[in-house]
Every structure is written in structure tokens, then in C-alpha cells.
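As recorded in Swiss-Prot, the features of this protein are as follows:
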BINDING   CYS469  heme binding site
CARBOHYD  ASN107  N-linked glycosylation site
CARBOHYD  ASN311  N-linked glycosylation site
TRANSMEM  8-28  transmembrane segment
Amino acid sequence: MELNFKSIIFLVFVSLTLYWVYRILDWVWFKPKKLEKCLREQGFKGNPYRLFLGDQYDSGKLIRQALTKPIGVEEDVKKRIVPHILKTVGTHGKKSFMWVGRIPRVNITDPELIKEVLTKYYKFQKNHHDLDPITKLLLTGIGSLEGDPWAKRRKIINAAFHFEKLKLMLPAFYLSCRDMVTKWDNKVPEGGSAEVDVWHDIETLTGDVISRTLFGSNFEEGRRIFELMKELTALTIDVIRSVYIPGQRFLPTKRNNRMRAIDKEVRVRITEIINKKMKVMKSGEAASAADDFLGILLECNLNEIKEQGNNKSAGMTIGEIIGECKLFYFAGQDTTSTLLVWTMVLLSRFPEWQTRAREEVFQVFGNKTPDYDGISHLKVITMILYEVLRLYTPVAELTKVAHEATQLGKYFIPAGVQLMMPQILLHHDPEIWGEDVMEFKPERFAEGVLKATKSQGSFFPFSLGPRMCIGQNFALLEAKMAMSLILRRFSFELSPSYVHAPFTLITMQPQYGAHLILHKL
């Protein structure tokens, strides 16, 4: 009897051991090889799967090597920004894949397939599973949602970004841009010139714009929150770049503790501002409360709740509103600052376009304060900004995940496969833009984006489809205001000390700053 019991225990133990051995082998080997076979049978090419590492080690090595030396101003930025993608496409062709650990990441470069991926957001979603608890302290708000929760949140936030609401933010844009121009004015003698690292000041500008537009009269408090968010961003990037060890982010390390402390302080500070706003709104002064983005967001949230029969679950909670404020800081600052700095660098290299842009600003505004109607008529500056976004795409690639087995065009995509859409490759593709693709030619956008891309939908610096960046118009409006004030006061050129070294720090930034010679007009 005792022997039989021991035999049963032994058999159960062996069975469980074999089961878990199989599960582990399936996870680390059989499943990746099955996915690889499926892709190869459809004509996709890539390196053979390697246990655990995939292509990540080699990709990281290529990126580190690319960042060791700058490039010439006329050289292709892709070899510094996406050397790993260039190597994959160069070796295996456009129809290729890379390995991210045990997951294949397929390159999608066909504009029609990209439109399908970005339009069918319910099938192809963000890879949230790669985010650990610490990283999620930063990546919050609508960007972290999918499906119905995303649709509900987007409806509320869309109302806050309506162009009539954006008009209300124009004075904040002007004040922040004026402050930066005044700062430069004090550095440059009358009728003279001076070298300025404009990148540092542009970062400060876009941070101030976020603080002013988000919190209005609580601007100084907003500045403190911005500094905290900037520190949290730097720490998060450090986490993303480090080797992932399961459970490591739960450990009470100095970095983890600091990130949690920042998150707690940011939440407390934003909550205090929200409570002040809510108190004003409840006192019947809703109009005075809705003079900044936070007030507008709270107003839109209350309106949505009322429209749904005072159903509070139809709106956002205080915690969710805090998440949107954090996302606004994180996403709203980087894109505009990189757009502005590369615009100034390119206009330094092409003075004829700088002159055309300046003439347009004086023609539209003279010496008056730029207004919404005038900014909407800045055709030359719009062309220039689009061309800068094409050549120096803020985010080089987008990645989605097939959360279920699905058909993409003529291809079958198994569940779990990642789809990478390298915008920068499409934006630099001579088959789409012509042989002059790497030249700075804003005139290619003279008749709009559709005409420039031959209606192919191959220009998407702010993504495409229902999940297109909600802050696109905000960023462009801010950039036009800034360039209008800069061009009226200064001409500029590259300094001899300028070092051309674009690199990716979430967005494409100048690794060693942007040293320009400013000439006071």
C-alpha cells in the first residue's frame, strides 16, 4: 500500500516535471521556431532564431557603435538612428523580420499594409506586455489603453483638443515663445551676433508651454511638475535600456525608490491643482476655470458625465485625469522641441528658405502679435515643418502586436508577432518621394500632403488612423508661433562648433546640442 502511494507520488512528480519542462521548451524554442517557419513560408526573411537573445545583442551593438562618432550634415541620419533596421533590410530585403528575444518583429514597409495595421487598432495593439511596473509610472493615460476604454477616453479628450479650445491656448504659446526670444535678445548685442545652444532653450520653451497650457495660473507649480517629469523620463529611459530581469523592478533599489517618490509627488501636486479647479467650477465659475488644458479637460469630462445621465462611470476618475496630465507632459514636450530644433538646423543650412519663411511672417503679421487666423495662413512655414518632419521624423518607427491570429493583406500573422512600421524608411524612400528624397525641398508639400505622397498615405510623423496623435495640431501650432517670433527677430546659421549627431532618446534629438550663430535683425 505504502509502495503504491509512493509510486503514485513519484508518477505525479515526474508528470508535473515533464509538463513544465515541455512548457518551458515550448516557450523558449518550439513556439518561436513555429512562428519563424510560418513567416518564412510566406516569403519573409531574417536571421535564424537564437535561444533567448534573438537579434537584440547585435542590434544594441550596432546602435552603440553608430553613436560613437558624429556624421556630416549631408549624411543619411538613418545610419545613426536605425542602423539595426538598415542592416536587416539591406541583408534580407524589405520583406524581413528581426528577433526581439523570442518574438519575431516583422518589418512592414508597404503603405497599404501600414494603413491597415493603424486603422484596425482593435486587432493590432501596442505592446503593453513589455512594460514593467516601473515603466508604467511614466507611460500612462490614453496611450496605455486599448479597445472600448480607449474609445471612451478618446471621445472626452478629443473635445479638449478641438481647434476652438486650441485657440484659447495661443496666448500661453506666445508668452513662452516671447520669453525665449527675449532671453536670446539679451545674449546677442544690437546689430551683432552670438553663439547659442538653441537646443537647451527650446527644451525649456516647450516645457514652459506645457506648464502654461496645462495649468494656466498655476504656471510656477506646473514648472516644478515638469522638472519632476523630466527626471522621471530620464530614469524611465535608463530602465528601458537596462537588461530586463523578472522581478527586478519590484526591488527597493535607489532608482526604483526615486521613481516611485517622483510619481507620488507628481500625483499629490496635480491632485491639489485639480481640487482647486473643481472648487472653482462647483462655485459656478466654470468659464474662468476652463482657461487652460486641465480646466478644459475637467469641463469636457463633466459634460460627458451629464450627457450620459450623470453616470460617473462614463467619465474619468481623478486618477485617470492625473494620468492624462502626466502623458501631456511626456508626449507634448519632446515632439515639438525636436521639430523646432531640426527646423532651425535645416534653415541654417538653407538660408533661401529661411528668407522665404521670414518674408511670409512679416507679410502675414508685420510686427503684430501672431494670432490664430494668421498662423493658419502660414503656407511656407507649414511646408518647411512638414519637410523637417519627413527628414527628421521624431519617432523613427512604430510597433504593434497582433493580439490574435489575423489576416494582413495577403499575409497570415500569428498571434504574438510584432509588426514594426519604420516611418523613417518610408519618409526616405526614393520610390515614393523621388531620387531627390534626401534633399531638403519643402516645395514638395506645396499642394498638401496627399499630393506630395501621391495619395499613398506614406507620410505619418504623427501616426495614422483612429489612433493618430491627438496633439498633432497643438504641436504644429506651437511650432508655428515659435518660428514666427524667432524669424522676426533673428537670422541664424550653423556655428563652426556645431556637431551633427542625431540620436534617439524616445524622439530624434541632437546628441551634442545645436550650436547656432544668431544675428539680431
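Placement of Cβ uses the backbone N, Cα and C atoms for every residue, glycine included.
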- Query: Given the glycosylation sites ASN107, ASN311, which one is most crowded in terms of C-beta atoms within 10 angstroms?
  - Reply: ASN107
- Query: Around the residue listed as 'heme binding site', how many other CB atoms lie within 10 A of its CB?
  - Reply: 19
- Rounded to an integer, what is the Cα-Cα distance in Å between ASN311 (N-linked glycosylation site) and CYS469 (heme binding site)? 28
